[in-house]
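Here is the structure we will look at.
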Amino acid sequence: MGLRFQQLKKLWLLYLFLLFFAFFMFAISINLYVASIQGGDAEMRHPKPPPKRRSLWPHKNIVAHYIGKGDIFGNMTADDYNINLFQPINGEGADGRPVVVPPRDRFRMQRFFRLNSFNLLASDRIPLNRTLKDYRTPECRDKKYASGLPSTSVIIVFHNEAWSVLLRTITSVINRSPRHLLKEIILVDDASDRSYLKRQLESYVKVLAVPTRIFRMKKRSGLVPARLLGAENARGDVLTFLDAHCECSRGWLEPLLSRIKESRKVVICPVIDIISDDNFSYTKTFENHWGAFNWQLSFRWFSSDRKRQTAGNSSKDSTDPIATPGMAGGLFAIDRKYFYEMGSYDSNMRVWGGENVEMSFRIWQCGGRVEISPCSHVGHVFRSSTPYTFPGGMSEVLTDNLARAATVWMDDWQYFIMLYTSGLTLGAKDKVNVTERVALRERLQCKPFSWYLENIWPEHFFPAPDRFFGKIIWLDGETECAQAYSKHMKNLPGRALSREWKRAFEEIDSKAEELMALIDLERDKCLRPLKEDVPRSSLSAVTVGDCTSHAQSMDMFVITPKGQIMTNDNVCLTYRQQKLGVIKMLKNRNATTSNVMLAQCASDSSQLWTYDMDTQQISHRDTKLCLTLKAATNSRLQKVEKVVLSMECDFKDITQKWGFIPLPWRM
């Protein structure tokens, strides 16, 4: 009996201890939470930035944001939206280093992240005049610019922008621009409702070293109308447009103005560096790149093997601008008079999105140029989502804007955009009134879109009259489509020319309607990326899967007359020798290794293929190996996946049989 009593006593004491410990930890948590809300950052010890790591990519301090059902942070109040939490700490974020928010402030950091879709607490710890490194190359630093450069008006549109971010943009413009070149700064408020952007902002800009004026839209109108208001009131020779969440680095302005002085018909863009939305670190991007648009007219960056060109002449000078088929649209400079001569903006475009597409096409097709200056670096806060809303919804606004741009400037290719862009249909062109913009195109005597593709963007991945566009189908010999295709190809006359893509295109087009009618989306298998979630610009293995409907681009390809098999976002079917480094990288990505990949398009023989209409085999031009569908084991995931490889050709092998189903892309 005594033994049992002793055991019960020990259990009771253990229970009391655990209860006391749980209460103690709960009390500590409550105190930390209260301190995070009431305590200021001014007394916090300046956190030491993480040590530098050797990597191909600059380090980035990742913040995990809550994603799930319910709102663990509570609803945002009017005070939350209107409060200005700017409390800079000397040296924080210096030289573009990341900001480390103290652990006690992490809850508050997550809560206020939602206001602007970036880490507001990190931004509010950084002084407005934080130091940045000189991101220019040695050649750019040594470059001398002529005297008598034109003056500029810097136009910044904002809507409910964070105080610290907006003012850091303005401060960087003032501190890193030669005073005699900076005519003024024009701020355009697109109907902000946050109190600190009213009288407080007006009082602040009155004492700036550069004349700064604020214009306010009477109602929420979007980027294009707001920029037009700023341009109408500008006095500088050049209009320089910046977003409200930027930081200009040393020497950013002179290269832009110098290029416009050389040619007033040039729209010149800076290199856009990355400011992290998580920790506001500043990361330099590489200079040798250019921009264009994918099949849905979304802007994309591509690494460049394009020749540097100035006024159409090739250049080996690394400081000369790079001609770019398209521009991102947020940051650029243009001669003020030329801006209006070329039709400024399409004033019927709402909010933002599509205006950069329209301007890129218009400038090139109507006699101007769009370029990127490698000597001008401006940082930009890139967000994973937008904090803004707009009547009608952003998706509807964007599709309307794209429909306007495509209808006016893309000729036959407008139908391709409307057929294969989500939210658009062929009827979209009838819903937009573009009479004035069409008249502008006629008045400026602009060139056709085919000229733009052939001369400005010859490496494009869009369909064209001399290209195949459609699906690549695996001819398993069982489906009706596979049997009909094989029968048609085997009965063709003059098969000695069968390895010429041009001949294949002609024969396929002659049976286009018949072949399209035969394809069975439930049974036929089409060539496609192995992983749907792999970025299209990175290495991705290739497989076959259920053929998708016409509106999806996952299994649609363009084939050029020289044998390049391309798909959306400038990705090409590529033969790669199995080098150890590539295999290791693919395994680290949980990828199945293969010697056939989807990779960024390049002008080399690894991406050139031939087709034999007699045997229905696709072979790599140099190695003479044929595309083959095989089962491969993913050792990391421990599962078998079907992948496309290049193997010795065997005309009897059913896994090497491929056909082409054309799809419509123009009227």
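Even glycines carry a Cβ here, placed using N, Cα and C.
The annotation topological domain 'Cytoplasmic' is assigned in Swiss-Prot to 1-12 on the grounds of sequence analysis. Taken from Swiss-Prot, the feature N-linked glycosylation site covers Asn75, Asn129, Asn279, Asn313, Asn433, Asn590, and the record attributes it to sequence analysis. If you look up Swiss-Prot, you'll see Cys140-Cys375, Cys366-Cys446, Cys526-Cys547, Cys572-Cys601, Cys626-Cys649 marked as disulfide bond. For 149-259, the entry in Swiss-Prot reads region 'Catalytic subdomain A'. The feature substrate binding site is assigned by Swiss-Prot to Asp190, Arg220, Trp352, Arg383, Tyr388. The Mn(2+) binding site annotation in Swiss-Prot covers Asp243, His245, His380, and the record cites similarity to another entry as its basis. The region 'Catalytic subdomain B' annotation in Swiss-Prot covers 321-383.
Its Cβ taken as reference, Cys649 (disulfide bond) is surrounded by 18 other Cβ atoms within 10 Å in the chains shown. Note on the region 'Catalytic subdomain A' (149-259): DSSP counts are 43 helix, 29 strand, 39 coil. Those residues of the chain, other than Asp243, His245, His380, with a C-beta within 8 angstroms of the mean position of the Mn(2+) site C-beta atoms are Thr169, Leu242, Ala244, Cys246, Ile275, Gly330, Leu331, Gly379, Val381, Phe382. For the recorded positions Asn129, Cys140, Cys366, Cys526, Cys601, a Cα-Cα cutoff of 10 angstroms around Arg383 (substrate binding site) retains nothing. Other Cβ atoms within 10 Å of the Cβ of Asp190 (substrate binding site) number 24 in total over all chains. DSSP assigns Cys526 (disulfide bond) to a strand segment in the three-state reduction. Considering only the binding-site residues Asp190, Arg220, Asp243, His245, His380, the residue whose Cα is spatially closest to the Cα of Asn433 (N-linked glycosylation site) is Arg220. The secondary structure of Cys547 (disulfide bond), as reduced to three states from DSSP, is coil rather than helix or strand. Around the Cβ of Asn433 (N-linked glycosylation site), 11 further Cβ atoms fall within 10 Å across all displayed protein chains. Trp352 (substrate binding site): 25 other CB atoms within 10 A of its CB, across all protein chains. A straight line from the CA of Trp352 (substrate binding site) to the CA of Cys375 (disulfide bond) spans 27 Å.
Between Asn279 (N-linked glycosylation site) and Asp243 (Mn(2+) binding site), the C-alpha separation comes to 19 Å. For the binding-site residues Arg220, His245, His380, Arg383, counting C-beta atoms within 10 A of each C-beta gives the highest total at His245.
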